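**Student:** Taken from TrEMBL, the feature compositional bias 'Acidic residues' applies to 702-715. The domain 'Pre-mRNA-splicing factor Syf1-like N-terminal HAT-repeats' annotation in TrEMBL covers 63-207. The domain 'Pre-mRNA-splicing factor Syf1/CRNKL1-like C-terminal HAT-repeats' annotation in TrEMBL covers 227-305. TrEMBL lists 75-108 with the feature repeat 'TPR'.
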Amino acid sequence: MSGRDARDRAPRVKNRAAAAVQITAEQLLREAQERQEPAVQAPKQRVQDLEELTEFQGRKRNEFEGRIRYSRDSIRAWIKYAQWESSQNEFERARSVFERALDVDPRSNELWLKYTDMELKARNINHARNLYDRAVTLLPRVDALWYKYVYLEELLLNIPGARQIFERWMQWEPNDQAWQSYIKLEERYNELDRASAIYERWIGVRPIPKNWVTWAKFEEDRGQPDKAREVFQTALEFFGDEEEQVEKAQQVFAAFARMETRLKEYERARVIYKFALARLPRSKSASLYAAYTKFEKQHGDRAGVELTVLGKRRIQYEEELAYDGTNYDAWFSLARLEEDAYRADKEDGEDVEPTRVREAYERAVANVPPALEKRYWRRYIYLWLQYAAFEEIETKDYGRARDVYKAAIKLVPHKTFTFAKLWLSYAYFEIRRLDVSAARKVLGAGIGMCPKPKLFSGYIELEMRLREFDRVRTLYEKFLTYDPSLSSGWIQWTQVESAVEDFERVRAIFELAVQQSLDMPEIVWKAYIDFEAGEGERERARLLYERLLERTSHVKVYISYALMEVSVLGGGEDEDGNEIEGEAGDPEMARAIFERGYKDLRAKGEKEDRALLLTAWKSFEEQHGTSEEQAHVEEMMPTTRKRWRKTEDGSGELEEYWDVIFPDDERDANPTSFKFFQAAQQWAAQRGEGEGEGGLSYDLPSDSDDDDDDEDGDAEETRAEPMDEDE
């Protein structure tokens, strides 16, 4: 047992349930505020005579002196002491307190301001003037003292005195706001020449662009445009013509041009804009370009507007490319921009050289993708194609276009990957130059270096257009030697031979194709069978279906086989235009194929395929069969039944699923239950017909209780459930 006292332990909570009355934090705070005791207020004292007043003042002075002795550096205590003395109309004592405080801290702004405010409230103007003079002499960098001093003199209408104070202030070269206050003083009294002279002195102290613009705006507003121009010209001479200097003076150029625009001197404004933009790089003059664009849209002609918009978009694209040189979308946009500008100049009848366009393309194609992966080169290769198309179409420089194609082909790593579009574009360029042999050499070199299906297909299409069928056959032989598993290649070759009506060659090609390991053999077999059926060769098509069924017993093969037997083959028109009747089909043969396919699929246990076959068989019988044959197929149609099986995860739980039940499978597996199930279905059908015709009713009377209705409803659902499952 430990020696710990049981009283030291925390009390056990007996009831942990929530309290019946819940108290929120807001309620606690509100009650605490309401129950708070009122603050202690000092009793009010009334002074009855002079003796009591003297006693009260002495007591207060002792209190203030005690505070000052305790905290001599507390300016707030000195100010309160002096303000109390002024409230008692003891101004001499108040001044004495302020002077004693100034001996403690003569650089306190608050102390000087409170001291002057006391004198002004007492209307001691000369005392206030003396204080302001002492203050600004001691603290010349405190703007508040200067402002109050000037305001006092202006309030007293002593304008020369205020001007003299400003002159004293300006000798200290204060901030821009002080200079503007001096200028506004002169403007209020219409001394505009004096204000202009102050501007000139201000610029000498602070020659920044903003101050130059403010001075010029002042001269313009007072109706001196020549003086404003002189100010701007002086500013531009001051900043100079170098790039860095012009960059600093952009605000001056923009303001100068805006002033000329307001004065309707549009040519002057245009010259100013062009002068500045010619000396600034495009990346540093975006705002100036924007102003120039706006100016040209308002006051320029169509050529000027297009030129400014063009320059603005160039700056935008150049900024994007400076950030990422492999941004090929930006290169495309820049190249199209230069092409449009070149076309516009040609349409205007100007003799221009495509130097800028070629420079843009050369810079673009110089940014080769960093990795040897085709996905990085897809957009890049289109730059070369667009470059070559420009040289061919716009400049008609065919030699340069050929050099572009050769450079692009030399640059692409063909051992890793290639671009068939590049080879084909080069070949068709040579075709347009009427040099077929050069085009064949290009495509031959491409197939020799990096064969690919698209390149073969493009070469074959070219020879087909030239009607060189022997070359087409040779190309197909090389194509299928390169990739014999390509089903589409075999089919395209047969289509070419069918077009020239060489049917024996078509059959030979198909025979070669079906012997290969194809990527999609089903489309080759289908094309072979469709060819024979189209030629009216039913026996050959039948043999092909039999050969195909030896390889696969897919349900679609059986359905297609049966539909071929019942369809009309051959027919058409002879050379004279007379219609030729085709060979009619044999429904019995088709029915036998359906029967054969059904037995084959049943033996393999393919329930879904059997259902598809029966659906097609049923459609066939609806068109070509009798009622007995339709009923026979209808009896074979499957039904769905809900069943249960164990889950595959091994937990032993059961899951519900729908199973497809065929009547013949059920008959062979459970003959007794099958007959019972058939009888139940017939009874259900007869019962439904009897109710529809007004026969016996199994419904309860309408005055039965609700509980009886519910029980009968449940029983009815129970009886109907097996029938629903067997549907």
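Note that Cβ sites are derived from N, Cα and C of the backbone, with glycine treated the same way.
Those TrEMBL annotations? Automatic predictions, nothing curated.
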**Student:** Any idea what the model's mean pLDDT is for the repeat 'TPR' (75-108)?
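**Tutor:** On average, pLDDT over the repeat 'TPR' (75-108) sits at 88.
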**Student:** Could you give me three numbers for the domain 'Pre-mRNA-splicing factor Syf1-like N-terminal HAT-repeats' (63-207), the DSSP helix, strand and coil residue counts?
**Tutor:** 114 helix, 0 strand, 31 coil
**Student:** Could you count the residues of the domain 'Pre-mRNA-splicing factor Syf1/CRNKL1-like C-terminal HAT-repeats' (227-305) that DSSP puts in helix, in strand and in coil?
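**Tutor:** Final tally across the stretch: 66 helix, 0 strand, 13 coil.
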